[in-house]
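A.B. asks: According to TrEMBL, the protein carries these features:
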DOMAIN    21-117  domain 'Fumarylacetoacetase N-terminal'
DOMAIN    123-405  domain 'Fumarylacetoacetase-like C-terminal'
BINDING   Asp125, Glu197, Glu199, Asp231  Ca(2+) binding site
BINDING   Tyr127, Arg141, Gln238, Tyr242, Thr348  substrate binding site
ACT_SITE  His132  active site, proton acceptor
BINDING   Asp231, Lys251, Thr255  Mg(2+) binding site
Amino acid sequence: MTLMKSWVESANSANTPFPLNNLPYGVFAIDGVEPRCGVAIGDMILDMYAAEEAGLIEIADQPVFDVPYWNDLMELGPEAWATLRTRLQQLLAEGASEQSAVEALLVPLADASLEMPLVVSEYTDFYAGRQHAANMGAILRGSPDLPANWLHIPIGYNGRASSVVVSGTDIHRPLGQSKAPDAEMPSFGPSKRLDIELEMGAIVGTSSEFGQPITVDEADKMIFGYVLLNDWSARDIQGWEYQPLGPFQGKAFGTSISPWIVTSAALEPFRTATPPREKELLPYLNSTIDGLYDIELEVLMKPNGSDTTTSLSKTNYSRMYYSAAEQLCHHAIGGCGMNAGDLLGSGTISGPTKTEYGSLMEVSWAGREPFTLEGGETRTFIEDGDTMTLRGAAKGDGFQIGFGDCVGTILPSVKLP
Ligand SMILES: O=C(O)/C=C/C(=O)CC(=O)CC(=O)O
Ligand SMILES: [Ca+2]
Ligand SMILES: [Mg+2]
């Protein structure tokens with residue numbers, strides 16, 4: 001697929017993350033104006049509240065963009081999603097008759113602050129990266145063998161919607177309990193093993209009925225779009241608390257998402273199949289679709305007080321074993337109702353070599369192998385003031401579908417009174 005040309009000149013560059021092919025959905029604020037829905041095009045944002053007010057966008061009988069989140073559009077369903085995308089491409093395409101009317105509603109991206117693009121209704125995190133699961137087994141349990149259920153079930157746990165924040169939000173180092181292996185008693189204090197997890201977040205756009213299972217193909221159609229997701233993880237807190245019920249406080253202090261929802265429609269040309277199944281899946285998990293996407297991903301670190309950012313690893317979403325649609329099907333199969341605004345973390349994305357690992361736990365092999373950043377500092381886990389960035393893009397012929405960086409800086413832990 002090639003670049004679709006827009007009259008917004010900056011959208012035609014091979015380097016922009018936001019060409020006409022993309023049109024990702026966010027929420028922006030500018031001085032003196034309440035936050036509103038916006039669509040990124042090149043280095044501009046189309047003000048959706050103003051576009052609807054001006055009659056340029058008409059999706060439903062009621063206004064859809066009088067609220068600062070995209071959930072109302074999601075709830076209208078896939079037909080409305082397609083109608084909106086077609087209309088936006090018409091308004092922004094080279095030669096559009098409405099150019100001057102739309103031009104007046106563009107805001108420079110550089111002047112805007114970006115907010116949460118949706119109200120997250122619930123958040124579930126999975127464990128679908130095979131290399132990551134093997135690495136975690138090797139590090140924590142002395143063997144890369146997968147858990148007995150891993151090749152049969154997309155393993156997950158229920159997280160906290162309240163912990164999901166937009167890129168740019170600082171995260172306090174969490175306080176919590178941990179216990180050194182040789183210590184008799186646990187201790188309480190700031191986490192000493194603070195980590196990231198490179199993930200994709202799938203956003204569910206339509207609900208499934210309570211009590212009603214769905215197929216993988218149905219689940220695929222329910223997914224509105226994707227974001228980059230950093231599942232910040234406190235490895236010491238997690239290690240002490242997580243058996244037998246799974247992650248809890250070690251994962252509940254913050255999960256960052258990139259500010260733009262890249263729609264499934266924009267990613268359609270980049271679909272790719274899940275890898276060959278080592279064990280045949282049970283029939284309810286079968287599907288006819290290619291559920292993954294070819295999205296190049298990168299983890300970057302900027303240490304406290306430095307201007308130099310180091311690339312730590314590069315991998316690809318197509319490395320995953322289970323797709324978001326398979327995870328969503330499995331989630332609903334017993335009758336759990338899924339809702340617009342549900343966020344599904346893919347699980348940590350790691351490729352086969354150290355340069356493709358999606359967490360510092362793996363890059364530093366649980367702290368046993370410190371790594372050196374450009375500028376000379378070394379790290380095993382994250383120190384106060386360090387900034388972590390996730391970046392991602394699907395690469396087409398002369399264009400790319402970018403996500404906007406997912407950034408977070410770690411602040412010192414909160415002082416207890
Ligand atoms: O294997 C373990 O003991 C721990 C695994 C994780 O922490 C991974 C996790 O949160 C799920 C994922 O992101 O893949
Ligand atoms: Ca995770
Ligand atoms: Mg989390």
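For all residues, glycine too, the Cβ spot is worked out from N, Cα and C.
Model, not experiment: these values are computed from the prediction.
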A.B. asks: Do you know which of the recorded positions His132, Arg141, Glu197, Gln238 end up with C-beta under 6 Å from ligand 3?
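C.D. replies: List returned for ligand 3: none.
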A.B. asks: Here the binding-site residues are Gln238, Thr255, Thr348; which one has the lowest number of other Cβ atoms no more than 10 Å from its Cβ?
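C.D. replies: If we count Cβ atoms within 10 Å for the binding-site residues Gln238, Thr255, Thr348, the smallest count is at Gln238.
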A.B. asks: Tell me, which binding-site residues from Tyr127, Arg141, Asp231, Gln238 are within 10 Å of Lys251 (Mg(2+) binding site) if we use the C-alpha atoms?
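C.D. replies: The binding-site residues close to Lys251 (Mg(2+) binding site) (Cα within 10 Å), listed in sequence order, are Asp231, Gln238.
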A.B. asks: Quick check for you: of the recorded positions His132, Arg141, Gln238, which have their Cα within 10 Å of the Cα of Thr255 (Mg(2+) binding site)?
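C.D. replies: For Thr255 (Mg(2+) binding site), the recorded positions whose Cα atoms are within 10 Å come to none.
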A.B. asks: Counting only other Cβ atoms and using a 10 Å cut-off, which of the binding-site residues Tyr127, Tyr242 scores lowest?
C.D. replies: Tyr242
A.B. asks: Can you check which residue among the binding-site residues Asp125, Glu197, Glu199, Asp231 has the largest number of Cβ atoms within 10 Å of its own?
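C.D. replies: Of Asp125, Glu197, Glu199, Asp231, the one with the most crowded Cβ is Glu199.
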A.B. asks: With DSSP assignments reduced to helix, strand and coil, which class does Arg141 (substrate binding site) get?
C.D. replies: helix
A.B. asks: Once the chains shown are all counted, how many other Cβ atoms turn up within 10 Å of the Cβ of His132 (active site, proton acceptor)?
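C.D. replies: So the number of other Cβ atoms within 10 Å of His132 (active site, proton acceptor) is 27.
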A.B. asks: Considering Cα atoms only, can you say which of His132, Arg141, Gln238, Tyr242, Thr348 is the nearest neighbour of Asp125 (Ca(2+) binding site) among these recorded positions?
C.D. replies: Thr348
A.B. asks: Between Arg141 (substrate binding site) and His132 (active site, proton acceptor), what is the CA-CA distance rounded to a whole number of Å?
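C.D. replies: Per the Cα atoms, Arg141 (substrate binding site) and His132 (active site, proton acceptor) stand 13 Å apart.
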A.B. asks: For the binding-site residues Asp125, Tyr127, Glu197, Asp231, Thr255, which sit with their CB under 6 angstroms from an atom of ligand 2?
C.D. replies: Asp125, Glu197, Asp231
A.B. asks: In the same chain, outside Asp231, Lys251, Thr255, whose C-beta lies within 8 angstroms of the Cβ mean position for the Mg(2+) site?
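C.D. replies: Going along the sequence, the neighbours come out as Tyr123, Asp125, Gly159, Ser163, Glu197, Leu229, Asn230, Trp232, Ser233, Pro247, Ala252, Gly254, Gly345.
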